[in-house]
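Annotation source Swiss-Prot lists N-acetylvaline at VAL2. Annotated fatty acid binding site per Swiss-Prot: ARG127, HIS128, TYR129, in sequence order.
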Amino acid sequence: MVEAFCATWKLADSHNFDEYMKALGVGFAMRQVGNVTKPTVIISSEGDKVVIRTQSTFKNTEISFKLGEEFDETTPDDRNCKSVVTLDGDKLVHVQKWDGKETNFVREIKDGRMVMTLTFGDVVAVRHYEKA
């Protein structure tokens with residue numbers, strides 16, 4: 001089912017992302033960059049691993065993981081997390097844990113777009129991606 005996500009995705013629109021970054025403790029300057037950056041996300045399946053590459057004018061990141069197995073992740077805002085990604089029906093669920101905190105991203109395909117819902121506490125942001 002992860003194959004449905006395997007594509008190159010370009011950010012089309014974003015809602016409440018600044019509030020989400022603020023809740024995470026991201027500083028003002030980095031939030032300003034985060035708000036104007038339109039990343040390209042490339043999701044691929046390589047053997048038993050899933051690879052998510054995020055490319056932008058600000059920073060490029062790459063994570064490689066097996067579904068359901070914890071891995072170490074350094075986020076674009078330099079948090080060191082223990083992360084796990086699972087498939088829950090038709091949703092790709094990504095949980096990051098650090099310093100006693102937890103955030104999650106749920107990616108799903110709706111009408112040919114990838115919808116990413118980011119949740120930290122009671123703050124929710126939604127980002128829509130279109131195939132590039």
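Note that Cβ sites are derived from N, Cα and C of the backbone, with glycine treated the same way.
Keep in mind that this is a model prediction, so the values were computed, not measured.
Sequence features annotated in Swiss-Prot and their locations in the structure.
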residue: VAL2; record: N-acetylvaline; Cβ contacts under 8 Å, 6 or more apart: ILE43, SER45, VAL50, LEU67, LEU87, LEU92
residue: ARG127; record: fatty acid binding site; Cβ contacts under 8 Å, 6 or more apart: LEU11, ASP13, SER14, HIS15, PHE17, VAL115, MET116, LEU118
residue: HIS128; record: fatty acid binding site; Cβ contacts under 8 Å, 6 or more apart: LEU11, ALA12, ASP13, SER14, ARG113, MET114, VAL115, MET116
residue: TYR129; record: fatty acid binding site; Cβ contacts under 8 Å, 6 or more apart: TRP9, LYS10, LEU11, ALA12, VAL41, ARG113, MET114, VAL115, MET116
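In sequence order, TRP9, LEU11, ALA12, ASP13, SER14, ARG113, MET114, VAL115, MET116, VAL126, GLU130 are the same-chain residues whose CB sits within 8 A of the CB centroid of ARG127, HIS128, TYR129, the residues recorded for fatty acid being left out. Following the DSSP three-state reduction, the secondary structure of VAL2 (N-acetylvaline) is helix.
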